[in-house]
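Accompanying notes for the structure given below.
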Amino acid sequence: MAEITKAQVEHVAHLARLAVTDEEVEHLAKDLRAIIDYAEQLNELDTEGIEPTTHVLDLKNIMRKDESKEWITQGDALRNAPDHKDGQFRVPSIMADN
Amino acid sequence: MSLFDHTIKELETMLHNKEITVQDLVEESYKRIEEVDGQVNAFLTLDKENALAKAKVLDEHPDATAKLFGIPGGIKDNIMTKGLRTTCASQFLDNFNDPLYDATVVEKLNNEQTIAVGKLNMDEFAMGSSNENSSYAAAKNPWNTDYVPGGSSGGSAAAVAAGEVLYSLGSDTGGSIRQPAAFCGVVGMKPTYGRVSRFGLVAFASSLDQVGPITRTVEDNARVLEVIAGHDKMDTTSANLEVPAYTEALTGDVKGLKIAVPKEYLAEGIAPEVRESVLEALKVYESLGATWEEVSIPHSKYAVAAYYLISSSEASANLARFDGVRYGVRSENADNMIDMFKKSRSEGFGPEVKRRIMLGTFALSSGYYDAYYKKAQQVRTLIKNDFDKIFEEYDVIIGPTSPTTAFKLGEKIDDPLTMYADDILTVPVNLAGVPGISIPCGFSPEGLPIGLQIIGKHFDESTVYRTAHAFEQATDYHTKRPQLGGAN
């Protein structure tokens, strides 16, 4: 049984920028343990020297010229924003105010 | 008989001969949606006013060269449509009413004068196999609304099966086109990775995602893929290869075709009625002059574990963009920026999406990367090699699409692993990047459709279509219709 502690779940949730309740932490710990246990079966396979496949097609880096192009206007970009001011996205303060 | 019992080619002739108008087709679509969508929940958003206006314009300016002239279709809600609400069935995007651009596939469809009638229901962010993870309402199976339509493109398959549209687009990361097509008794194609542009498809797992068509017939399917396939400079992973005329591959001739049948695809865990239908289908192929032999995909039993590690890892990175800054629903309960990210995401995402983001973040986190993510990618290589080896000797691989027919709503929702395990026959295809189609090949004793999966070599959709079409021509499963709303 994979050991996944509540503290680990809370750490991963922070990395993933998810706020989780105590109850969710318990559920997620249980689910993750079950899924990771299931994934442990991959260790039955000897993969020494096997290249990982990140991509099935034989693609190399594809470069293009760094040129500016017409895409969307600043106004368009802000159209779906929850909050904006003076042509910029506005977010809550980065440092907590108290 | 509904106008939608005709093929696109037949309707093209009828339009050309002025027996029907584009407005007739579009009105038929909305009439049917009005009649049955309350039971099926296939649509999340309709675009009726624009669609009817466009129909009128097309009737005034007939274009015999447009490949989908006046044909009503539906678009899965994770594919961007300019100015038309695109939610991915997530509360996070509930207010995303004004997308700024069309996905390349939508642009290509529009160039061929199709009419998009609306956006289709799905599992949230395409994560799920039953459509029960839609944050709105679960789509239902038109053959029996107590059953799921499959997922994640459940709305796309249900809408076509219910006769609401002639075709739809879905997306397939681990079976999300083929499995719902199988459950709903329609034709669903996942093209080769790179065959179709992913630009404007909201990314789930970028190394696996592909857009593909769902239709009632193989011929219609080939026609839609001809339109949406091809290289796109906006997606550098789209292949720079010419698109064959898939509809011309439908010769009905499979004489000498060499079929491989993986023994793992007919093993324990496959429902008896599914196995029987596949064996019957193989007899049909024998009678048409094809031959089949049993082969093995020895690493297929590891595919589900590798798939969930890889796809969830990629998803955890892709879904980082949903931060409540540029679009989507922002939490009103936050007092600083990081808190705003966390609360917006937690309030906006459903349980399955959170579970996968957590799994993916865990698998990519320091100290676990090699053990899980890299290991899964190495196993992916082994699975791909299994396919390559089979395709050295055979033209296509045939088996079931799903181990069972559709299950009941609520039956598996509390047990993610059982739900994941059902993807065993579809995920290896995405890991290998090859094309696969599901076509109807029978019915269970309860009257639920069974899907036959035909898998081909990289970029050999033509042979997949030819094989599927030959079976369809020799059988009549594709002509059966669900009895919905009593109006069929």
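One-based numbering along the chain as shown.
Including glycine, each Cβ sits where the backbone N, Cα and C put it.
These come from TrEMBL:
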DOMAIN    B:24-464  domain 'Amidase'
ACT_SITE  B:Lys76  active site, charge relay system
ACT_SITE  B:Ser152  active site, charge relay system
ACT_SITE  B:Ser176  active site, acyl-ester intermediate
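According to DSSP, B:Ser152 (active site, charge relay system) sits in a coil region rather than a helix or strand. Within the model, the domain 'Amidase' (B:24-464) carries an average pLDDT of 97. Take the CB of the residue listed as 'active site, acyl-ester intermediate' and look out to 10 A: across all protein chains shown you find 36 other CB atoms.
In the three-state DSSP scheme, B:Lys76 (active site, charge relay system) is classed as strand.
Mapped onto three states, the DSSP output places the residue listed as 'active site, acyl-ester intermediate' in coil.
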